[in-house]
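> I grabbed these lines from TrEMBL:
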- 1-21: signal peptide (SIGNAL)
- 149-211: domain 'VWFC' (DOMAIN)
- 223-282: domain 'VWFC' (DOMAIN)
- 289-351: domain 'VWFC' (DOMAIN)
- 355-544: domain 'VWFD' (DOMAIN)
């Protein structure tokens with residue numbers, strides 16, 4: 001070991017701090033009410049580094065997307081005007097490049113440069129053309145390699161320009177679609193700036209990577225280069241391996257390494273001869289006109305798909321396969337979307353979730369976009385309808401149940417095409433005026449229903465009615481589903497095809513909760529009574545309290561009324577009654593629902609439960625809030641035990 005190296009090791013110990021885990025923020029979850037809206041969090045010192053929004057009643061924050069730090073062994077101190085740690089970049093021919101950058105020589109597009117943690121790696125791009133020579137096309141402007149005229153990696157034309165695949169035999173060959181053309185090439189792996197003991201080769205990956213990261217606490221001597229555990233003087237050449245030569249130039253290590261040819265033979269036929277830097281394929285014994293893979297025979301030039309991520313082509317008796325690469329880590333989905341593996345596609349993607357509107361108790365409403373409000377109107381209302389193509393409508397009739405200020409959903413009317421389904425108390429169901437017993441199906445063609453309900457209907461008017469636990473589920477041909485518990489809990493689910501087309505008490509389903517209180521005439525109001533009044537249907541005869549009508553069929557003047565506001569009946573309760581009601585509702589925030597508490601905020605459901613108990617003829621009005629919360633928990637993926645038995649809400 002040279003004296004310079006010995007000195008280097010002593011200096012390096014003071015220069016570096018190795019890290020292996022990303023920093024995290026800890027704290028308690030903050031509740032919120034405006035579903036899908038941006039939220040400012042006072043306890044976060046620098047909000048410009050985070051974006052926060054309301055999701056399932058909790059504030060969820062995502063840190064600003066920063067360049068990948070994993071594997072960087074020259075992390076610099078975080079600049080004052082930045083939210084991210086910075087990996088040391090590179091200086092080359094008077095220009096500065098960020099770590100992770102890649103650029104080409106303007107005079108030679110096959111000459112490629114990469115910057116990685118203060119090291120510039122220069123190499124030649126090696127072309128791989130997977131189609132016959134007579135079919136290949138000249139390189140596109142500023143590109144190095146000839147291309148193939150088609151992209152066989154995707155069935156969907158719109159996706160082709162976004163796909164990136166590798167050869168199954170050689171993961172260093174990268175293929176991409178550009179303008180419908182397939183371009184494939186191979187580049188040398190960048191020189192790594194970490195000690196050899198921290199380098200690992202992951203299975204199926206092209207290039208080795210550095211484990212963990214390392215923060216630079218002090219700058220090395222001016223102009224010198226820190227590579228691995230050694231400091232190199234400016235202007236002096238050195239080798240990092242037998243095939244890679246480097247020179248330190250003003251703080252940046254400039255390295256050259258050869259690019260190896262693409263290998264399209266199976267791994268068992270790849271060999272590295274002594275003294276060589278690259279592997280090669282052993283000569284094939286004979287050229288074949290067909291390929292055999294997994295017992296199937298394919299003709300020369302034939303393409304086929306093994307699975308959603310792997311395409312193959314038979315060439316000279318060899319099956320050459322490409323493997324699509326999915327982004328890592330998987331994307332974070334915003335509110336009203338979920339990560340889903342779509343059938344026939346390789347990589348999961350964020351897709352819109354079905355819209356769900358819930359109605360429960362003394363009616364409390366959670367719109368398709370997540371807005372909570374309460375409204376005690378005791379008339380008939382349009383709950384949800386397709387106001388663009390008029391494919392369906394759902395109306396509810398509210399009943400006062402011998403109370404002065406409260407009401408509950410009594411009946412539900414669903415209309416799809418020529419079919420009308422009525423849901424009543426105690427799970428009574430009628431289809432086109434005929435009482436039916438689940439299971440029931442009305443086919444979407446002219447004919448008779450399973451139990452004699454005649455109707456001439458189209459395919460969209462197909463209706464099925466099923467018994468699900470303590471509810472009935474109505475499924476329509478247009479994809480709308482209605483769940484009803486025969487008391488006052490109601491849930492409407494609509495597919496994403498209706499996004500932005502709906503109207504009624506359940507809102508417009510456009511992923512924006514703040515505009516859900518839009519009246520029939522298109523006016524946005526803050527007053528729930530005025531909003532609900534615009535969606536009232538039928539005359540005074542449809543109201544349970546026709547002599548005490550407010551604007552929307554409620555009992556008082558129009559006023560803003562959100563879930564949790566206390567009506568007069570609650571204000572008159574004795575302390576003993578308040579304590580009793582609190583105990584009845586407490587299971588929502590106790591052990592019975594604890595698996596869900598971190599997924600869905602129970603606060604609004606708990607407040608709704610207390611309101612329901614203010615005027616409660618049955619004494620068990622708390623069960624409706626429990627039911628609504630349990631359904632929301634199920635959608636959020638929470639596994640609840642037998643909450644009905646634990647809370648006494650057995651039907």
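Cβ atoms here come from the backbone N, Cα and C positions, even for glycine.
Nobody curates TrEMBL annotations by hand; they come from automatic prediction.
Context for these features, please: burial, neighbours, distances.
Here the domain 'VWFC' (149-211) is broken down by DSSP into helix, strand and coil counts: 9 helix, 20 strand, 34 coil.
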> For the domain 'VWFC' (289-351), give the DSSP counts of helix residues, strand residues and coil residues.
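The domain 'VWFC' (289-351) comes out at 0 helix, 33 strand, 30 coil.
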> Just to be sure I understand, if DSSP states are collapsed into helix, strand and coil, how many residues of the domain 'VWFC' (223-282) fall in each?
3 helix, 26 strand, 31 coil
